[in-house]
């Protein structure tokens, strides 16, 4: 499959590149970012896939997360795909920020008119890794996945639905129980129809209840002052309870606000929210988490 290079930038002795290709799964042109560390010039490297959240493209992570130095040090190829098909000319695909364009939710749609193009689960699981492995110096046996918000949901379900495929998984502020939150109900209902039993196949809290892989070590970071946490969109407590019941190892870190008073500053409480400032603060911890399991 032909790749068209869109951009290339030297970064920490490696290269941050963006490519475009025709996706057979999604039946449209797709872009992905890929960071090639210095080690990729001399040998095969493990691959870490990042899945972004609602409204994002491949650009958000590669320009805002600040992951490049750690990825270079650990010799990790990092791939950041787009979050949905684009330009499919589906009626209504651009009407909402949380459904359609930029909001593929990492499912394979079964409902018209979405089912022809909106197959992000299969794209991430099968087509994209095959494309990456065929065109870059990867070690296909060493692959991990992580993501943010909707992408955290995507990372968790891909790891849980495919035991052994990914060496490790982590997430920032993931949507943990989408069948119970408004974002999830809108997306899963629109893409999969009204049968809630079909939604459970894309719900991390439901999936972990039957997950056979007790060796999957999960890391989750959640900002305490995340507005979507307080709005009931993320529901990490439900996921943690399910993991505890199944004895699935999970490290859940609720990152607290730091409160102090200063005459020079307006206000006194500064907490971690849902933004890329939060992600950039803890991204090195996640890179190290995956490097440990990828033997990088």
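Indices start at 1 and increase along the chain as displayed.
Cβ from N, Cα, C; glycine included.
Some features that TrEMBL has for this protein:
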ACT_SITE  149  active site, charge relay system
ACT_SITE  226  active site, charge relay system
ACT_SITE  274  active site, charge relay system
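Distance noted between the C-alpha atoms of residue 149 (active site, charge relay system) and residue 274 (active site, charge relay system) is 8 Å. Every protein chain shown contributes to the tally, and the Cβ of residue 226 (active site, charge relay system) ends up with 23 other Cβ atoms within 10 Å.
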